[in-house]
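Annotated features in TrEMBL:
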DOMAIN    A:88-277  domain 'ABC transmembrane type-1'
TRANSMEM  A:26-49  transmembrane segment
TRANSMEM  A:92-119  transmembrane segment
TRANSMEM  A:139-165  transmembrane segment
TRANSMEM  A:256-277  transmembrane segment
Amino acid sequence: MAALVAGVETPTRSRLPRRHLVGGRLLNHCLLGLVGLVTLVAVLAPLLAPHDAVGTSGQLYAGIGSPGHPLGTDGIGRDLLSRTLLGLRTSWLMALAVVALGLLVGGIVGLLAGAFGGWLDAVLMRVTDLFLALPGTLVAVAVAAALGSGLGNTFLAISVVWWPYYARIVRGEVRALAVRPHVEAARMAGVSTPRIILRHLLPGVVPSAVVTASLDVGSVVLVLASLSFLGLGQSAPAPELGADTSRALPELLTHWWIPVIPGVTVMLLSLVANLGGDAVRDLIARRGR
Amino acid sequence: MTFRFFGTRLASLVALLLVLSVVLFVLQEISATDAAAATLGPTASPEAIAAERARLGLDGPPVGRYLDYLGGLFTGDLGTSFRTKRPVTEDIGSYLPATLELVLFAFLLALLLALLFALSSTLRWRGAGALRGLLFVSSTAPTFLLGIFFLIVFYQQLDWLPANGRASGGAATDGPTGLLVVDGLLAGDPAASVDALRHLLLPALALAVGPALAIGRVFRSSLRTTLDAEYVRTARAKGLGERAIVVRHVARNSVNAALSMTGLQIGFMFAGVLVVESVFSWPGLGSYLGASIPVSDFPAVAGVTFVLGAVYIVANTAADVLQGVADPRVAV
């Protein structure tokens with residue numbers, strides 16, 4: 001949904017000086033490298049974490065930089081670095097999964113609607129519009145509350161509201177592609193419909209779908225953190241960035257780092273995702289010229 | 001501005017509210033808690049639960065139960081909260097004014113910031129770059145982190161603004177509008193209004209930053225596109241000042257995309273307000289929801305979702321209609 005902002009802004013991007021820098025391409029690759037690094041950290045988090053994320057040590061309220069606990073410990077002596085790493089793992093991998101699933105479902109819906117047109121198009125797009133017109137995050141809150149706590153349920157709750165925008169984008173692109181000469185030529189030559197969809201329509205849709213999706217990861221990270229903050233994630237001892245902030249709020253004025261560290265981690269994840277999304281857009285735009 | 005334009009908007013408004021009610025009803029059905037058991041508590045006997053089920057009409061066919069639910073919505077009945085044992089409508093009625101006051105104020109703040117953001121980059125004011133950078137970085141922060149940051153800086157370090165609640169001491173919350181700032185003015189007590197405003201400022205700012213950036217970006221990019229239009233060149237050629245051109249010719253033609261973004265952002269604000277309220281102990285729907293979620297009080301959650309969702313849908317329809325007013329080509 002945040003991609004709507006980005007989509008509208010695309011034309012003005014070319015005026016930014018970054019594109020004219022000699023190192024622009026290098027910068028973009030560095031940003032993508034950063035995304036890869038975060039993904040690697042997320043995957044390897046259980047190995048990287050120095051302590052058990054739910055187990056307690058004797059040291060309560062250790063400050064940042066304490067020996068053995070670089071980010072300190074919380075009120076019952078759990079190591080904050082380990083909790084943050086595992087929370088990051090959940091947030092990041094789930095955000096990627098939500099966007100991937102949204103892209104898959106929205107992509108299929110949009111592809112079918114755009115390629116076949118007619119009543120199928122009308123029905124699929126009306127359903128999509130309905131989903132787009134409902135307040136997504138609120139519906140996700142209700143879905144997560146109805147299903148109860150748990151990782152899978154949160155994932156489902158966000159995925160349910162996250163595909164319609166992709167369906168719109170893909171459908172629009174497919175409609176535009178379907179009237180292009182190469183598709184018409186293929187049709188005249190007697191190529192079967194599935195083959196036209198897979199070989200002639202799908203490849204043309206991929207760039208804009210990928211750009212939209214990559215710009216969305218940051219928003220998903222934020223929505224996930226909000227749901228978790230409201231208590232709609234995994235239940236208590238599991239390390240989760242939003243919930244860890246929310247549970248430590250009463251300690252904000254006395255031990256600020258306990259709620260702030262997971263919150264800042266969410267912010268960094270979303271920042272990396274946004275920069276990575278920008279880089280993907282820039283690289284794809286360059287290749288297109 | 002045709003009758004047809006308004007007719008379609010009104011019809012889709014009604015259809016969306018119906019869909020929202022269906023969604024919530026289905027969720028209620030699949031939610032794990034049994035309403036009868038939850039109402040009576042853990043000590044109830046199976047017979048009592050069965051009797052309660054019959055009384056609540058839970059044994060009927062789904063379509064009939066949905067129609068009951070829908071009829072309830074029409075008469076303002078959102079069910080009974082498992083937790084407070086009071087009608088959800090009553091609960092929401094007592095928490096809603098606080099949330100509305102916060103959202104309204106944050107909304108105005110967001111529009112103001114968005115306008116500043118968009119115009120500053122078009123008119124090249126001093127400090128524009130700094131404002132934009134600040135907004136960009138803060139837009140990647142989750143709402144709760146912004147709230148925490150404001151608390152640490154403006155409450156703990158500078159001690160300029162209060163951290164908790166809507167008013168200092170025992171301010172009356174039973175004024176005619178329920179909005180403390182307005183009630184203070186109506187009661188001829190400006191000090192109360194100022195106090196309420198001071199309490200509003202931090203949570204509203206935390207809530208406004210994200211939407212402000214989203215709206216501002218859209219508005220800025222359409223401003224830039226419009227600035228390249230030929231009638232703008234003509235206006236320049238006839239010697240109009242840059243400010244007059246932007247305000248009179250460009251802004252009006254660019255406001256369309258920004259309006260639909262504004263409609264969308266209202267939805268995000270309703271979700272954000274739930275989070276912000278728990279950071280600032282704001283006694284609104286977010287706090288109500290926060291207390292309802294851990295005990296699986298689904299009627300309360302569904303009630304809050306329906307009320308906020310309905311406001312969102314109405315606001316979006318309003319944004320749509322406004323688009324038609326700003327640009328008559330839309331309303332054909």
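Don't overthink the numbers, they just go from 1 along the chain as shown.
Placement of Cβ uses the backbone N, Cα and C atoms for every residue, glycine included.
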Intrachain residues whose Cβ lies under 8 Å of the transmembrane segment (A:139-165), provided they are six or more past its termini: 1, 3-4, 90, 94, 97-99, 101-103, 105-106, 109, 128-129, 131-132, 212, 216, 220, 223-224, 227-228, 230-235
For the transmembrane segment (A:256-277), sequence-distant contacts whose Cβ falls under 8 Å of one of its Cβ atoms, 6 or more beyond its ends: 6, 31-32, 34-35, 38, 61, 63-64, 71-72, 74-75, 80, 83-84, 87-88, 91-92, 95, 211, 214-219, 221-222, 225, 241-242, 244-246, 248-249
Other parts of the chain folded back onto the transmembrane segment (A:26-49), taken as Cβ under 8 Å at six or more residues beyond its ends: 18, 79, 81-82, 85-86, 88-89, 92-93, 96, 269, 272-273, 275-276, 278-280, 282-283
